[in-house]
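Read through the structure below, which is laid out as structure tokens, and then see the notes.
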Amino acid sequence: MGWLGSLVVIILTSIVGIVWYFVHLIAQGFTVQYKDEQDFVSDQLRGLLGVDDIQPSSYRPTVEPEYLSGIVDLIETSINGLWLAQFLYMILLLFLFFLVVDIWFIEYPFSFIFNAIIGATIVMLFAYYVTATNSKSLTRALIQSQFSKEESFGYMYQCGFAIVSLLFSLLFGMYVLMYYFNVAVWGGDMKKEEYEKVSILMIGFLMGMILGGFIYREGISMMCRSMKTASFGLIRADLNLSVGNNNISQLTRLAYMVSQQAGNTIVNFLDTGFVLVFLCCAVSQIAINSPEVLDSKNRSAFILGPIYLVCIGYLGSIVCYFLKTMCADQETGSFAALNVRWQVIIAALISFIIHVSFPFSFLIDKFTLKGENTKDIDFEGKSDMHACWCYLLGLIFNVLHISLFEWYTSHGCPNVRNMGLATSDRILPMNLIYSNYLGDLFSAIPTILMFLLISIVYSIEGFAGLLFAASGYISLFIIYGVIFFIGCNSSDSYKLTCFAHFISDVQGKIFQIYWEAKNYMVFLKATNAGTAFLVSIGIIGAQLYQYPTALNSLFVKNEGFLGLFIGFSIMFVCRGINIWGIINVAKSYFIFQPSNEAEGKLNYLKDIRIIEFTKFKYTHSMLYVAYNILFVTIMILMFGSILGHAGSVAIMIGACIATFLIQYTGLIKGTTLENSRVYNEIQDNRKDHHYLMYVSGDTYACATEESNACPLLPYLIYVFCLLISCQKHFAKAEK
């Protein structure tokens, strides 16, 4: 298969992904039911709300289907109500970036900002569709549960697969279109100078995605995590999320549900999208330094190689999709567990078989990476067989990594189980200390394995091998994304059953899915973190090839040491600003406002206060996001101009290592806190307090996992994009 065959595979799979998503919407009746959602939900849910199971002190409206449909409609309305504010913030951010950075530090300001606008628009479209689809899927998962948990699980799987297909198709499809557009308009003869411009413009596309992500991802994330943190006080005060509790305002309960529904899927799926496009841009940066690639007719296929590899993996995921029910089991523990584990194993095997069947024909037979200091850093390219080995190693190490993360945060691990048994409000500081210990201890082995992978693939194919390994490492993101969506949807749906007093049979079925799927949500987060690290090292290598800075002489200069310190500091300060923002936003959250009897009535859901409250909290959260953006931008531009190229590469290295360590440690200690109490309470058969255990376990982890780990990936990629885009300006300043 030549370069044309690779392009055909990319185009076809992108079309299949978009068609798959919209066919799913039509099949589920979404396009029809958007107009009369409340009536539809009311008709479907009448049999799922049991009058006999309601406590005498509970409000009567909680058993009425109209009440529940009103809640779901309010959740969607509240998030969609942010659309205009988000759009205006995005326009303002792009304009300020153009005035402050683009004109002064980037050689091609107008074409760069054009690509950035396209990237930001793609993020806006994806965020809109995810919000709409996710809000509707809450009730539809419950409707399917009246038949069996397998039906509900299957629906969540279908919905998750459709959303991940949309993410994959939108990002890759638009990236390919923008690549060929930039080549046609600005590529010229595609010599090194022209192609260098094209590669910078594709960085502009990624920069636009990150800037849009600050609005649609980071703003929502900050708002959600602050509400989640505030709910800790709610749990300590009342130990009850039900509508019948007179000490918690209904506005508080609804705001908590809105925050959880909005945040999880958008945040982590966009992180996956950022990492995928980051990988594509890294290949462009590497290819600048290879005259064989730039002179080859197979040039475009080589540059789009990661997209081709992921597309082949997507075809394997489709095969896996049709096999998803083969491990269905009636037992609670084994049903979701077998499905999850078999999905991962079979997806990995199918991916390997397909990639063996479809050889790496997009590669140049022999390519050489030539840098300014060829004696020190030049590394001759190897055959396509070596590239295939790098890809396979990335796939194998990813499966090893996620298995370790799953074990280190699961109830089966004795240390996690012991911590859960000791969990209580009275000794919370002890649990936090113990979780920090587990995070530091258990992150050691995955970190060692990651550096082992880097050493192996570098010895095979240099820095280019890291990018092939990254392609293999993230190749199962479709399956991980589906599993992550199942965890999010089942947990949000379960909270809805507790809030609206569903019959115990429905609660039990939803909880059985959530009980197993929740722990596997760490798969996607760990994969995003590991892939970002591999790609970052590859880009650092590309910078070393392109400019006269040798790696072995980098840290004998003052610029290198100072740059390394600055890179470390930027990431840790970003983390600190996030935590500071969460605490301040949570403090102003009125969780102790007493409710009154009127708040239990149906007409309360028509009140606009929750919508206005969500807008206010989002604006408050964006203030701290602005602090982070301003800090990172000023630090990068200032020290990049002072330290020159050598210092810029050192900043990349410092930021990369700091983010990697924070991500791995934060994910382990946070997920451990999140899961331990839930697992042990269920082990003790106290199932009548599921809602208490769920929220209590989550709130222990919110400041650890979400605040320390999740927000850093966009800022890391932003640092790299800014340094690469302004590199010529920094090099001139150095001279």
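Keep in mind that glycine also has a Cβ here, set from the backbone N, Cα and C atoms.
Per TrEMBL, the features are:
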{"type": "TRANSMEM", "residues": "6-27", "note": "transmembrane segment"}
{"type": "TRANSMEM", "residues": "87-106", "note": "transmembrane segment"}
{"type": "TRANSMEM", "residues": "112-132", "note": "transmembrane segment"}
{"type": "TRANSMEM", "residues": "153-178", "note": "transmembrane segment"}
{"type": "TRANSMEM", "residues": "266-288", "note": "transmembrane segment"}
{"type": "TRANSMEM", "residues": "300-323", "note": "transmembrane segment"}
{"type": "TRANSMEM", "residues": "344-364", "note": "transmembrane segment"}
{"type": "TRANSMEM", "residues": "466-486", "note": "transmembrane segment"}
{"type": "TRANSMEM", "residues": "522-541", "note": "transmembrane segment"}
{"type": "TRANSMEM", "residues": "561-583", "note": "transmembrane segment"}
{"type": "TRANSMEM", "residues": "623-643", "note": "transmembrane segment"}
{"type": "TRANSMEM", "residues": "649-667", "note": "transmembrane segment"}
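Of the two recorded stretches, the transmembrane segment (649-667) lies close to the transmembrane segment (522-541), with three or more CB pairs under 8 Å once pairs fewer than 6 apart in sequence are set aside. Within the chain carrying the transmembrane segment (466-486), a Cβ under 8 angstroms from the stretch's Cβ atoms is held by residues 153, 156-157, 159-161, 163-165, 167-168, 264-265, 268-269, 272, 275-276, 279, 282-283, 286, 305-306, 309-310, 313-314, 317, 320, 336, 340, 343-344, 347-348, 351, 387-388, 390-399, 402, 453-454, 457-458, 513, 517, 520-521, 523-524, 527-528, 530-531, 534-535, 537-538, 541, all 6 or more beyond its ends.
Of the Cβ pairs linking the transmembrane segment (623-643) with the transmembrane segment (266-288) and spaced 6 or more residues apart, fewer than 3 are under 8 Å, so the two regions do not touch. Outside the transmembrane segment (522-541), and at least 6 residues removed from its termini, the chain residues within Cβ reach (under 8 Å) are 268, 271-272, 275, 278-279, 281-282, 285-286, 344, 377, 394, 398, 401-402, 405-406, 409, 446, 450, 453-454, 462-464, 466-467, 469-470, 473-474, 476-477, 480-481, 483-484, 649, 652-653, 655-656, 659-660, 663-664, 667, 671, 709-710, 713, 716-717, 720, 724.
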